[in-house]
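This report refers to the structure that appears directly beneath it.
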Amino acid sequence: MDYSGVYPSSSKVYVRGNLYSDVNVGMRKVAIKNGTSEFLVYDTGGPYTDREAKLDIKSGIRKLRSTWIENRRDTSPVQRSFVPSGSSCTRYQKAAENVLRKIAGGSPVTQLFYAQNGIITPEMEYVAIRENALRMQVGSSETGAAAHQEITPEFVRQEIAAGRAIIPANINHPESEPMVIGRNFLVKINANIGNSAVLSGIEEEVKKMALAVAYGADTVMDLSTGSDIHNIREWIIRNSPVPIGTVPIYQALNKVKGVVENLSFEVFKETIIEQAEQGVDYFTIHAGVLKDYIKHARGRVTGIVSRGGAIMAQWCLAHNKENFLYTHFDEICEIMGSYDVAFSLGDGLRPGSIDDANDEAQFLELKTLGELVKVAWHHGCQVMVEGPGHVPMHLIKENMEKQLHLCSEAPFYTLGPLTTDIAPGYDHITSAIGAAMIGWYGTAMLCYVTPKEHLGLPNIDDVKAGVISYKIAAHAADLAKGNPSAYARDYALSQARFDFRWYDQFNLSLDPLTAKSLHDESLPGKGGKTANFCSMCGPKFCSMKLSKELVDQ
């Protein structure tokens, strides 16, 4: 699973911190031929984009944050509450030797708690260095998102303390390389993986994760609903350099053999403790699906399309009781604060079709999520809020404006949104359009959609298509927000294009191998890579060639 080859002419370099000597931030250096000694880009690939790294799925990857966590002296080693079993566990026993830690005192062990108490953690310095790649001074954008000359560790601390940003960083996932989610930082993307009752297994899902992070996924969600959920998640976490998210209600339902009526808070509590001990960095919790809101979704074209939302709605109606995720929310906060698991407050009533966008059910839930944001903050927990869904372009901005107002500027994390319903097989495109727009307006993280959306379980090629589509959307949003590092890369590639430096164009792109292979189809070999034209226009009609001749005159 070495993906360093997907970036020819690139190498991994490490930038050392100033506040903490053991902070070394991995970035990718692209070699280009115009005399520039280095071009650094943000890199999410961890060891998978490092040619020098030794990879072994059975051992897991390096535990980058172990010393930082131990040095804070607010956690201690404990025994697992849940002991994994099964053949897959035996096969990967080395990775299972991860030391389990839990809160040792009375205060939360969260990045929010540290930030609010004036502490700049190594994680905060790490993300400041990552965000600073190629930044230069620009003003703030019209959307209100700050584009600062420099992202300092103190600025990161302030954003975390205010709740405008989060660093998902479970104390039991020391392998993760810290990253920040907030609208005053680079727009991030998430890739969903996971098995179903029909398809996939451990090796396949770990390969999907590795490919996703190599191509730029900032976080990965394991949405497994089939068999062996615990062990699949274990090997994903032990091998993941990015934060891992889950929807715990899926495994809780699996524990009661798929019978929604048999769910209980006790089963759910056991599940989130199990997953927190493994190292899951954020949980999607559908606590805003209240019993009285369900009736508002009955007249929709597509009803309730969130799996978690539908599960909780069915449970509420079966028992004629309020959602137990809502009634036990304080206890959930206490558990999550003990491991620094961040909340991703799920939009269980999100619209699943254009006709249902921005309806009463959606915004009633959003108001409740805003109230729960404050409860989570009160407990010292980090929190972001999930959003739609299926929304036509003219209604997208309203979603961002309402979320900022109702949720006190907690980071927004949206699935797309898909801007039309007519393109099954191409929903990575329909959704990337909406994702670029809502990212521009202020969404902090975009959940990818693959070509298989609405059609089936994504395979590894679908994962790549989804990641690349959303890297484009996030980058377009960063450009619109005035982020200087986004402009720097566009400028460098445009220069290479005008100079007919074909290899530099390929290597500065999001997917160099694909760019080169498409060029090779018509102009293969060394001659094609020195030509001052491409097969579209040929040597006589190339506008850039003609323009360059004018400049040279």
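Just so you know, glycine gets a Cβ as well, placed from its N, Cα and C.
Per Swiss-Prot, the features are:
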{"type": "BINDING", "residues": "ASN192, MET221, TYR250, HIS286, SER306, ARG307, GLY308, ASP347, GLY348, LEU349, ARG350, GLU386, TYR413", "note": "substrate binding site"}
{"type": "BINDING", "residues": "HIS390, HIS454", "note": "Zn(2+) binding site"}
{"type": "BINDING", "residues": "CYS534, CYS537, CYS542", "note": "[4Fe-4S] cluster binding site"}
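The structure, with features from Swiss-Prot marked on it.
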residue : record                        : contacts (Cβ under 8 Å, 6+ apart)
ASN192  : substrate binding site        : VAL220, MET221, LEU223, CYS447, TYR448, PRO458
TYR250  : substrate binding site        : LEU223, SER224, THR225, ILE229, ARG307, GLY308
SER306  : substrate binding site        : HIS286, GLY346, ASP347, GLY348, LEU349, ARG350
HIS390  : Zn(2+) binding site           : PRO351, GLY352, SER353, ILE354, ASP356, ALA357, GLY416, PRO417, LEU418, ASP421
HIS454  : Zn(2+) binding site           : PRO424, ASP427
CYS534  : [4Fe-4S] cluster binding site : HIS519, SER522, LEU523, CYS542
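In this structure the C-alpha atoms belonging to TYR413 (substrate binding site) and CYS537 ([4Fe-4S] cluster binding site) are separated by 42 Å.
Around the Cβ of CYS542 ([4Fe-4S] cluster binding site), a 10 Å sphere holds 18 further Cβ atoms from the protein chains shown.
In the three-state DSSP reading, CYS534 ([4Fe-4S] cluster binding site) counts as coil.
Of all Cβ atoms in the protein chains displayed, 13 besides its own lie within 10 Å of the Cβ of CYS537 ([4Fe-4S] cluster binding site).
Listed binding-site residues: GLY308, GLY348. The one with the lowest count of other Cβ atoms within 10 Å of its Cβ is GLY308. DSSP assigns ASN192 (substrate binding site) to a strand in the three-state reduction. All protein chains considered, the CB of TYR413 (substrate binding site) has 27 other CB atoms within 10 Å. A coil conformation is recorded for GLY348 (substrate binding site) in the three-state DSSP classification, outside any helix or strand. When the Cα positions of ASN192, MET221, TYR250, HIS286, SER306, ARG307, GLY308, ASP347, GLY348, LEU349, ARG350, GLU386, TYR413 are compared pair by pair, the longest gap among these substrate-binding residues is 20 Å. In three-state terms derived from DSSP, TYR413 (substrate binding site) belongs to an extended strand segment. Within 10 Å of the C-beta atom of ARG350 (substrate binding site) sit 27 other C-beta atoms, taking all shown protein chains into account.
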